[in-house]
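One structure is given below, encoded as structure tokens.
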Amino acid sequence: MAWTPLLLLLLSHCTGSLSQPVLTQPPSSSASPGESARLTCTLPSDINVGSYNIYWYQQKPGSPPRYLLYYYSDSDKGQGSGVPSRFSGSKDASANTGILLISGLQSEDEADYYCMIWPSNAS
């Protein structure tokens, strides 16, 4: 049986932090159920991803955004209540990017995904 591609829509720009930088996200990403999706959130060059928590939210039509997780480092991260462990965060310092990885995609994962940054207390 062929799977219908699962389309993960991403907001192309969203703002966060005190100075309201523009965070860049690709306009969309698609994958099939059971596969993994890697969603990115690229910070402007004058802001170092290493100094910020990256927050991720999921929004489905007609519903408010749902907090998924935040990621600062492997030892400083947090999962939202009821959010499955197949949602995980990371960073790519060389690309100045925050990453949301969704493994074992399910049809219910079809949604808009938003990133937000906030300065870390650890920095």
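The first residue you see is number 1, and the count goes up from there.
Cβ coordinates are placed from backbone N, Cα and C, and glycine is handled just like the others.
The signal peptide annotation in Swiss-Prot covers 1-19. Marked as region 'Framework-1' by Swiss-Prot: 20-44. The domain 'Ig-like' annotation in Swiss-Prot covers 21-123 and rests on sequence analysis. The annotation disulfide bond is assigned in Swiss-Prot to Cys41-Cys115 on the grounds of sequence analysis. Per Swiss-Prot, the feature region 'Complementarity-determining-1' maps to 45-53; the stated evidence is similarity to another entry. What Swiss-Prot lists as region 'Framework-2' is 54-70, and the listing cites similarity to another entry. Sequence annotations record features per position, and here Swiss-Prot assigns region 'Complementarity-determining-2' to 71-77 based on similarity to another entry. The region 'Framework-3' annotation in Swiss-Prot covers 78-115 and is backed by similarity to another entry. What Swiss-Prot lists as region 'Complementarity-determining-3' is 116-123.
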C-beta crowding around Cys41 (disulfide bond), within 10 angstroms: 28
Enter the number of other CB atoms within 10 angstroms of the CB of Cys115 (disulfide bond). 26
Give the nonlocal contacts of the region 'Framework-3' (78-115) in its own chain as ranges (CB under 8 Å, at least six residues past its ends). 6-11, 14, 16, 23, 25, 31-43, 45, 47-50, 52, 54-60, 65-71
List the helix, strand and coil residue totals of the region 'Framework-2' (54-70) as derived from DSSP. 0 helix, 11 strand, 6 coil
Residue list, the region 'Complementarity-determining-1' (45-53) vs rest of chain: Cβ under 8 Å, 6 or more residues beyond ends. 17, 21, 70-72, 76, 91-93, 96-98, 117-120, 123
The mean pLDDT across the region 'Complementarity-determining-1' (45-53) is 94
